[in-house]
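S.K.: Pasting in a structure now, in structure tokens, and then I'll have a few things to ask.
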């Protein structure tokens, strides 16, 4: 199957929001989605974007029964840590089920690796749910390793209500 990997444009935000929702549904987290099409437009396609997105697009003859040609996305941003320096963090990777096993996920990972290296990054980071064995197997097949036990870190989060409390202190 042929497909194209390209940087997302402002007019792709509706499809990116759709793909984010599909990923959340797959992960049983649909009720946690806070990102809207408008958020994507305002935060990713502004003077100082908070993230970047690359998408996979198929030709019209391979579109879905619903008419979609944008079938996968990878959202990423650059990060910096005191130990590793500059890195690239993948904040979401999703390929629609009917387009999996066609090299789209690998092509997206290859492209973000190229972008990271071009930007001088020392590492590529992401999270994957502990029950998502197909995703883990995919990442392992790309040469990624699970560093959870190796480095002994916990992935921590303060939700908005926690941020509000913390900001008042």
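Note that Cβ sites are derived from N, Cα and C of the backbone, with glycine treated the same way.
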S.K.: In TrEMBL, which of the ranges 25-48, 49-72, 73-96 has the transmembrane segment annotation?
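M.R.: Based on what TrEMBL states, transmembrane segment spans 73-96.
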S.K.: Per-residue pLDDT averaged over the domain 'N-acetyltransferase' (3-161) comes to what?
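M.R.: PLDDT averaged over the stretch: 93.
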